[in-house]
Amino acid sequence: METEQQLHVDLGNLMAFDPHHHFPSLPSSREDLVKECLDQGTKLVQAIADKLFNLPSTEDVDGPIVKLPPPTTRLPREKHLPKPKPPTKWELFAKARGIKKRKKDKIEYDEKTGTWKRHYGYDHANDDDNVPIIDAKMTDEPGEDPFAKRRSDKMKRVEKQEKNRVQNLKQAAKAGALPSHVQLAATALPITGTQAVAKKMTKHELGNVAGLAATATASGGKFDKKLPGEKPAKHKGKHRKFLPAVEGTGIGSQEKEQTDKVLNKLLSKNSHEILNVNKAINMYNVKKEKHRRNKPEKSSASSSKLKPKKKLQKKPLNKGSSKKGKTK
Amino acid sequence: MLKVKTPKKGKARRELNKRAPKLVETGKKTLILHGTKTSNVLNSVLTQIYHLKKGSAVKYSRKNADIRPFESGGETSLEFFSLKTDCSIFVFGCHSKKRPDNLVIGRTYDHHVYDLVEVGVENFKSMESFTYDRKLAPKVGSKPFIAFIGEGFENVEELKHLKEVLLDLLKEEVVENLNLAGIDRAIVCTAISSNRVLFTHCALRLRKSGTIVPRMEMVEVGPSMDLVVRRHRLPNESLRKEAMKTAKDHPKKKVKNVSQDSIDGKIGKVYIPNQKVGEMVLPNKSKGVKRERREGRRKNEGDDHASKRQKEDTE
């Protein structure tokens, strides 16, 4: 009994482990060694059998069947735990609005034929697309085929649904919960449940990484051999330069020059936007109004000399009337 | 727009769903591979491991030059094969002057190498070299008893690791119900020294002992070999944590057509297809019952009269 307590028996795996056995002296010949091992093994196997045969069993045609306990030795998984599928856009919307799924009958009454038909699929009940005559409406555009319009509308709906489906699948792929039988064509890898979506590196990213790797030497990549077609590293040493902000001659004036340059460039680029036409018209109108308001005061206070002048100005405007007068 | 590829046939879909990650995993498959050079011994070791694991193993017979599990970059094609065959344990044999008869046993997690143990094979005795009563020979795919003997398996880190890997390799699928009549083999691993393990495969003979528990007797059937531990690589700690995760609650299968009633108790529904009485096949299918004949006879009654009479006359 004492020896049995020292054994670790894992009935789920039919495994026994004797952590205390120690060979006092290794047997010289191979046969003796194997024999001793087998003797020890038999003891362990007997220990497993003791527990196994004492489990409650049910008789079957092929022999007694026992229910094994789950294994106690923990072994690593083969693949990660399945990830939960993220909700689709509709599911999110339905949840926010409190929309519940309700079950529809598989068949419904078709009023046209007076029979019961499936509510979906070929030859389904109350099919809007399968009518011989469509009543004209006031809103109908002339020259438009209402049948073709219905068909194209349906096509559009189907396409939209497909688009939504792919979008939801993409979301699921991002969460790593793509159904195992679905493969998004952008990833050409063999399909399995565990394969993460491979991210393709762009040409630019590769170039950048290569540039970084090239500078990872003591000399910063200065004395390295260049490969054919290799571009020089993009960022060498300092990334930003700041000029002194204090004004002066030489380098001191460069900061101002630089800013001026930028400002000029911006101004010249957006010069057409400087003239706000609406604002200009408003201003012009306001000015005109002011001018008009000021005029009556001026006219009352003005000398008589101005009056005939005004008449002279008006004359060409009333040319027609003057002509009329002449003919009279 | 992004194209979605799905299998055309239901069988392909089912096959892919088998490969999907599961809440409760069923069993690991083993991939058996060769390196560039394999000795005679190693060839037979790999074949016999394949025989031990038959049913849940895939054996590749080609040479693989670019597989070096311990080196970085040498596991790429191994991981690809693991993905392709859906195997998560691999046994890779290669022979070199530095490491003769080398066997690398490793496991993968999510088709990436999880851990590795390298052992050398010595004193190999194949299945064919053992003579025993053929009636005792273990059946393919039966669940073996596994015995680990020796304090080395607890004290020495390499052996402890080897024990876990060997257990994962040798244990068959975890089952709930076991038929006691199907017990017919045992695998005994003994730690002889700090880096050497004696591995033997035995058949079991159940002898009567007077109690319910039969007396076990072991007959060595091979293969038998010494495994000398060389290099090993334990899993990354974070990866190990990730891989050891188990599902907390097992999903219950939905029970259909069974309901509970407070008065009647358990109620089951049984569906029977429509009885089409009109189309039912009659047990008596004699020629006289057939409709055409009867009708035909009625039609031609007048014409046939003479001939029929004649017949009657002859009779």
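First residue shown is number 1, and so on along the chain.
Quick reminder: no glycine exception, Cβ is built from N, Cα and C everywhere.
What you are looking at is a predicted structure, and each value in this text was computed from that prediction instead of being measured.
Annotated features in TrEMBL:
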| type | residues | note |
| --- | --- | --- |
| REGION | A:63-88 | region 'Disordered' |
| REGION | A:138-164 | region 'Disordered' |
| COMPBIAS | A:146-164 | compositional bias 'Basic and acidic residues' |
| REGION | A:215-264 | region 'Disordered' |
| COMPBIAS | A:222-232 | compositional bias 'Basic and acidic residues' |
| COMPBIAS | A:233-242 | compositional bias 'Basic residues' |
| COMPBIAS | A:254-263 | compositional bias 'Basic and acidic residues' |
| REGION | A:280-328 | region 'Disordered' |
| COMPBIAS | A:306-328 | compositional bias 'Basic residues' |
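According to DSSP, the region 'Disordered' (A:215-264) comprises 14 helix, 0 strand, 36 coil. Long-range Cβ contacts of the region 'Disordered' (A:63-88) within its own chain (Cβ-Cβ under 8 Å, at least 6 residues beyond either end) map to 10-13, 15, 52, 55-57, 95, 164, 168, 171-172, 174-177, 193-194. Helix, strand and coil content of the region 'Disordered' (A:138-164), in residues and according to DSSP, is 19 helix, 0 strand, 8 coil.
Mapped onto DSSP classes, the region 'Disordered' (A:63-88) shows 0 helix, 3 strand, 23 coil.
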